[in-house]
Amino acid sequence: MLRIAKEALTFDDVLLVPAHSTVLPNTAELGTQLTATIRLNIPMLSAAMDTVTESRLAIALAQEGGLGFIHKNMSIERQAEEVSRVKKHESGVVTEPQTVTPTTTLRQVKELTARNGFAGYPVVTEDYELVGIITGRDVRFVTDLDQPVTAVMTPKERLVTVKEGETREVVLQKMHEKRVEKVLVVDDSFHLRGMITVKDFQKAERKPNACKDEHGRLRVGAAVGAGAGNEERIDALVAAGVDVLLIDSSHGHSEGVLQRIRETRAKYPNLQIVGGNVATGAGAKALADAGVSAVKVGIGPGSICTTRIVTGVGVPQITAIADAVEALEGTGIPVIADGGIRFSGDIAKAIAAGASCVMVGSMLAGTEESPGEIELYQGRSFKSYRGMGSLGAMSKGSSDRYFQTDNAADKLVPEGIEGRVAYKGLLKEIVHQQMGGLRSCMGLTGCGTINELRTKAEFVRISGAGIQESHVHDVTITKESPNYRMM
């Protein structure tokens, strides 16, 4: 006798029902929780894939209000550096600015500038008392580079400083009065406590919706595997300031993954941890019991994933999301819908099924900010996109995600493919279109917030003819729409 657990549905099997509405799309509130303590301003995450998310895309997505997860197909040092780049891009108050001592030479300052990409360094004593600042203007025309910074620095008496906790308005006023671009933060004993730059204020004004931590820095996540030897990687990422750690596996409901989560939670009680992937309520509950802050749902729905075909295992995504949400009811642990998102309507459906946010890969893989070069093929521009279960990605380091770390390169059993996606331009344009579609959904269903969409919206199940009717039909498309691409 066949052991059929249940019937399961995915995105194209359902539509949302329109309802009486007082909500205008432009008034819909898109903020949502990634975890209990991390709030997103849009419900979008980027996948931890080596053709999707490195620091450049993570910065761009965080500026739009989402959050990117840096992939792990790189050395520990490089992944930590990628995280650090995001955290330093927009700093608000730089709580630990790089400093020099009074004995540092101008030559050393020039070397630091070449290495770090910025030229301003506070000068402090051994006990961190502030004695001056050295900037690019101070050393620009100096020929004797062997003299100490004290010879040309702006001394303590002429420094522009503010006390800890000073308001943004006061800081900006001081910058304007003194015509400076950097203000140093000091305590009552004139010990250095941080630095504020005008560039960070300008960035904040341009991107008011950015997803930031309590220090005004952009938020970023990073992925690690569940196998042995990842302790050092986790330590390095935490030291680099990662906001949320993704313990990533193709099968999150396995004891090795659960044990890795327990160990990480024991070592870092306050670290935000996402666990995945699962496709059942039991899997979601097991991750919650192990100590995760959010659960990632999706086995095999991704465009480049062949897990369901190679293994015969998976659960269609709408049912998988709904089952996970039901199992986690009352725990306060959000669900992330990972994979299968092709259109903005799919984002809306995933959230209406109960997810707090979605993780996308192919949607962002062709953007300007994604890793990789633009390729020309038959007169069109493309970027490469591959699954982390593809042979190429597994040989670069993601084989542990599929429990194949001990396999030789010629013995790997892939669960993904390598391909290309059309070049899509800047990430912000993609986000604008996707969030615009989501806002329209919220207007049609009468849901003013993401939480209302999660709990109020109703589905109807549709037939194959229903989805055919939903798509463009009986016409030849002559001009492609930015939010409706069939490939």
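Quick reminder: no glycine exception, Cβ is built from N, Cα and C everywhere.
Values in this document were obtained by computation on a predicted structure and should not be read as measured data.
DSSP gives C305 (active site, thioimidate intermediate) a strand state. With a cut-off of 8 Å between CB atoms and residues at least 6 apart in sequence, the same chain places G339, G387, G389, E415, G416 near C305 (active site, thioimidate intermediate), listed in sequence order. Annotation source Swiss-Prot lists active site, thioimidate intermediate at C305.
Summarising the annotation, Swiss-Prot assigns active site, proton acceptor to R401.
I299 (NAD(+) binding site) falls outside any helix or strand according to DSSP and counts as coil. What Swiss-Prot records for D248, S249, S250, G298, I299, G300 is NAD(+) binding site, and it gives sequence analysis as the kind of evidence.
Look at Swiss-Prot and you will find G300, G302, C305, E469, S470, H471 tagged as K(+) binding site. Every protein chain considered, the tally of other Cβ atoms within 10 Å of the Cβ of S470 (K(+) binding site) stands at 12.
The IMP binding site annotation in Swiss-Prot covers S303, D338, G339, G340, G361, S362, Y385, R386, G387, M388, G389, E415. There are 26 other CB atoms within 10 A of the CB of G389 (IMP binding site), with all protein chains counted. Reduced to three states, the DSSP call for G389 (IMP binding site) is coil.
Residues or ranges marked as domain 'CBS 1' by Swiss-Prot: 93-152.
The feature domain 'CBS 2' is assigned by Swiss-Prot to 153-214, with sequence analysis given as support.
DSSP assignment over the domain 'CBS 2' (153-214) gives 23 helix, 18 strand, 21 coil. DSSP assigns D248 (NAD(+) binding site) to a strand segment in the three-state reduction.
For Y385 (IMP binding site), the number of other Cβ atoms no farther than 10 Å from its own Cβ, over all displayed protein chains, is 25.
In this model, the domain 'CBS 2' (153-214) carries an average pLDDT of 84.
Taking G361 (IMP binding site) as the reference point, the binding-site residues whose C-alpha atoms are within 10 Å of its C-alpha, out of S249, G298, G302, E469, H471, are G302.
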